[in-house]
Amino acid sequence: MLVHTLKRNKLAIFIGLFPALVIYLGIAIIPIGLSFYYSIMDWNGIGDMKVVGMDNYIRILSDDTFWLSVQNNVMIMITGLIGQLPLGLIMALLLNKGLRGSGFFRTVGFMPVVISSVMVSLIWGMVYNTEYGMLNGILSFLGLDSWRQNWLGDAKWSMLSISVAYIWQNCGLYMVIFLAALQNIPEEVNEAAELDGATGWRRTIHVTIPMLRNTIMVAVVYSISNSFRVFDLIQVLTGGGPAHQTEVMTIYMYNSAFMNLRYGYGSAVSILILLFSLVVISVINRLGREKDA
Amino acid sequence: MKKKSPLFQIFAYTFLSLFAIMNIIPIFWMVVNSFKEEQEYAADPFSFPETLNFSNYSKAWDIANMDTYFLNSLIITFVSLIVTVLLGALAAYFLARFTFRLRGFIYGLFLLGMLVPIHATLIPIFLIMQKMSLIDTYLSLILPYTAFHLSLTVFILEGFMRGFPKDLEESGVMDGAGIFRIFWSIILPITRPAMATVVILNFIYNWNEYLFALVLITSNSLKTLPLGLANFVGVETASYTLQMSALTIALIPILIFYLLLQKQLVTGMTAGAVKG
């Protein structure tokens, strides 16, 4: 491309890539390796580091609180999948019909995605407030006083309450992902379907949705990997309480490392999170591909 | 577009409206109550305020140190953003417009970052920052924010720059401009549309970030807006209306930002999610 001498190019390429690479490798990539390294150590951050091999992993895997957090992650994953995706898909299908006011609904639908998780948590914290919260207020207004709950403090409801806030926050993202895919379906496909007599619901189910297969797969994978990353929302809403009932793996990791100052143990948890999410995603990918065949 | 049956329209608008109400109501309810006296709110969280009571706002602004948090967030967000976009654009330029050994490898390396979950690096980053005595400094946030957003930045800019015709740089070379000169005066200006997307994305991600701030910042005077707000609400539990005012103050700029730049935000964040 450029006709400079090779040597000058090499130097320039090096100068151009070096600063970005140093920051990127030093802070985003090398620490993953360090996490592996710390995960076989026992260290409180001050004293000497002690090699303990697989001890941290063994202790984590025999801790009931950890398994409770795994269970809560599964809960978030499943409610996310069955809440966000169908809702986002239906919204996208409706918005794709060219109805009047679609722009408004899209704007409002995507709004929670732009707001920070902290803000979303704080707003929902007020909605769920036992005494003065919006939800209990509405229930009282409807004469359903017996339905009032301590939404975040009662272990029966707390994970479900968090899931609702989580769906509220992310649904709009899937809506626009599906909408973009719908708008990419060539007009001829719809016309051909119409000639074959496929209209309305039939066309949506037999023609449109199969066309979205790939996008749906991407959304499923993204939704799953996102569910393993949940932290802010729960940390701010409940901090993992009451009594670990809403703890997810990231919170468990945060508490081990930064509350109990067990950096080795915490690192091992972070590696396990990485492992779990990779396993789940590769299983999903395989299932998706098998169906293709 | 052919006419939709009335039944379908009723169904569609009912569904869309319910969804919209679900999205708006919590925020609307919060904003309305932020204007009330505390007793007024406690008596009836659903009435409209008798008078628009702005004193909550000035009180919240003062007590919550909102000015400090806003300033910190602005500084950290913009410095990270500028560094990320400049370094990312430079890297993207060499990856897109030059051929050299390792090009594919380095490009792949940058893409890898989009798959890295932040929490898997959190503890080592904390320990590194501690070792370099950077805990509780702007730099401790600017570095990770830059590092973690370089991937998406390089990905978007490289894709855009690669599309330029091959002879684009030739006029520059004829004029005797060096490689960096060509980057600055020829490539960068025509990359502007992609730069806009990248800037907006970096802005929103940095502005909203919480986990790194939580771990790397401890002193009140350095807290960013999300961290400061979470903290304020945790401490100021006595006055809900005050909390609501503080949240509304923090919400307004981001809503304006969203309404103004909606198109880029929607396409950018969608691309970020799908590629990530």
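Cβ atoms are placed via backbone N, Cα and C, with glycine included.
The annotation domain 'ABC transmembrane type-1' is assigned in TrEMBL to B:70-261.
Residues 4, 45-46, 48-49, 244, 247-248, 251 of the same chain lie 6+ residues outside the transmembrane segment (B:12-32) yet bring a C-beta within less than 8 angstroms of a C-beta in it. If you look up TrEMBL, you'll see B:12-32 (among others) marked as transmembrane segment.
Within its own chain, the transmembrane segment (B:69-95) is flanked in space by residues 103, 106-107, 110, 138, 141-142, 145-146, 149-150, 153-154, 157-158, 160-161, 183, 187-188, 191, 195, 198-199, 202-203, 206-207, 221-229, which lie at least six positions past its ends and keep a Cβ under 8 Å from the stretch. Feature annotation from TrEMBL assigns transmembrane segment to B:69-95 (among others).
Annotation source TrEMBL lists transmembrane segment at B:107-129 (among others).
Summarising the annotation, TrEMBL assigns transmembrane segment to B:141-161 (among others). Sequence-distant neighbours of the transmembrane segment (B:141-161) (same chain, 6+ residues past either end, Cβ-Cβ under 8 Å): 76-77, 79-80, 83-85, 87-89, 91-93, 95-97, 107, 110-114, 116, 118, 125, 129, 134, 187, 191, 193-195, 197-198, 201-202, 205-206, 209, 212-213, 216-217, 224, 268, 271-272, 275-276.
Per TrEMBL, the feature transmembrane segment maps to B:182-205 (among others).
If you look up TrEMBL, you'll see B:211-233 (among others) marked as transmembrane segment.
Long-range neighbours of the transmembrane segment (B:240-261) within the same chain, counting only residues 6 or more positions beyond its ends whose Cβ lies under 8 Å from a Cβ of the stretch, are 27, 30-31, 33-38, 41, 56-57, 59-61, 63-64, 66, 200, 203-204, 207, 225, 229, 232-233. The transmembrane segment annotation in TrEMBL covers B:240-261 (among others).
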- Tertiary contacts of the transmembrane segment (B:182-205), as residues 6+ beyond its ends and Cβ separation under 8 Å: 77, 80-81, 84-85, 88-90, 93, 97, 145, 149, 152-153, 156-157, 159-161, 164, 168-169, 171-173, 254, 257, 261, 264-265, 267-269, 271-272
